[in-house]
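Student: Below is a structure I'd like to ask you about.
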């Protein structure tokens, strides 16, 4: 059953969802438009970045509608209508977008085909397993069950962090000096923004419940998703544009006209 | 609680919102279509200009729907239905679009990559801080609280004006003679249209309340948004088109066919 909220709590969440829809939609169109501006080999990274924000736009649209249907405003309070707020859209979203986010990061590095395939497969699978293992905990009310699945999902998470910082060290050192700092920062954005999710997962297990915690979690998820997907996607764009410029300058070739 | 309005007051606001939807939508499509006509380096500016009006279109759509749901017409009057009119969409919109508007202005100047990044980051952050500082005042009914946040938000606003007129003086002096006046005018459009917002913010603090003031504010916001976003975006397009012509003429290259 959904919690009773004050109108302000309800409204902040509502506006955070709407903000996320606008941010994801705008980022998607920007990435698709500007995809024509980068070198051939980075077009795939921008296509995937734009798809991640498009998938997120779709899910936030559904989440927004579900939130509106779950509450009715009466006398300054937001009362549950009985139609449950569907939070599971998030897991469905993550199952698609989280592996793709890691693939974006691999693609922007411009590794060899074989290495790209190997790293993208390994990181993509780890990300999918992480999301799948988190789900049984998310839908459980029992603290013990939640801790168990949280712990299991943390194994692939830690493995991903290890791959990003140890497995990809060589690939990052091989980046042109002009973008090495940007690629390394993209990796940090991933790790820092993703850390938000397992922390929030613990909130109900450590007594952070009630309307304020509940609405703070929804706003927090929205902000984390905007950083991890839209802001990260724009960062990937900046790297692709910068690397394309460098490569066009070196080859003496003309930049594409459209 | 929303105010009771006369049918005329209600209807003028309703039509102003619908006008804004049409203006933003048309500008978006024009900018995206004409993006193919300008030189490589100005495509980013037109992509962002079109996104600003698209984001505004989205929010005005939601504002329009919220206005319709907030009132019911009875006996020649517009009576509140109890579903509150959500004005917060404006702040959510500004948080995204106001930094982007300044970035448009920087991009159209055609500065070096490093300078573009430095100026876009500084102005974008100042703009976001300005919007964030305005919000707590906007949702407060207390005149003292409103003045406090108004004053705090004015600090980044004045700083932005300073950056536009002093920080960018050199960049504007370096523009080709044929477009220098246009770029300078774009800066003036920004400052003049943006000044509308802090003035309207003060209305309730100086006793301008009631149905007439309330509906005048909504119409005023719509007009300011059309000037600051759609008209400004078209202005940016004119500058991009003119600069592209000059650069194509100088390089002897053909203009792209599409």
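Glycine too: its Cβ is placed from the backbone N, Cα and C atoms.
Whatever TrEMBL says is automated annotation, not expert-curated.
Since this is a predicted model, take the numbers as computed values, not measurements.
Checked TrEMBL, it gives:
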MOD_RES   A:229  N6-(retinylidene)lysine
SITE      A:93  site 'Primary proton acceptor'
SITE      A:101  site 'Responsible for spectral tuning'
SITE      A:104  site 'Primary proton donor'
TRANSMEM  A:12-33  transmembrane segment
TRANSMEM  A:45-61  transmembrane segment
TRANSMEM  A:91-111  transmembrane segment
TRANSMEM  A:123-141  transmembrane segment
TRANSMEM  A:147-168  transmembrane segment
TRANSMEM  A:188-207  transmembrane segment
TRANSMEM  A:219-240  transmembrane segment
Student: When you scan the chain for residues with a C-beta under 8 Å from the transmembrane segment (A:219-240), skipping those not six or more beyond its ends, what do you find?
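Tutor: Hits for the transmembrane segment (A:219-240): 12-13, 16-17, 19-20, 23-24, 26-27, 30-31, 34, 38-39, 42, 45-46, 49-50, 52-53, 56, 60, 90, 97, 101, 104-105, 108, 179, 182-183, 185-186, 189-190, 193-194, 196-197, 200.
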Student: Tell me which residues of the chain lie with their Cβ under 8 angstroms from that of residue A:229 (N6-(retinylidene)lysine), as long as they are six or more apart in sequence?
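Tutor: A:24, A:27, A:52, A:53, A:56, A:97, A:101 - these are the non-local Cβ neighbours of residue A:229 (N6-(retinylidene)lysine), listed in sequence order.
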Student: When a 10 Å sphere is centred on the Cβ of residue A:101 (site 'Responsible for spectral tuning'), how many other Cβ atoms does it contain?
Tutor: 25
Student: Could you tell me which of these recorded sites, A:93, A:104, has the greatest number of Cβ atoms within 10 Å of its own Cβ?
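Tutor: Sorting the candidates by Cβ neighbours within 10 Å, the top entry is A:104.
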Student: What Cα-Cα separation, expressed in whole Å, is found between residue A:93 (site 'Primary proton acceptor') and residue A:104 (site 'Primary proton donor')?
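Tutor: So the Cα of residue A:104 (site 'Primary proton donor') lies 16 Å away from that of residue A:93 (site 'Primary proton acceptor').
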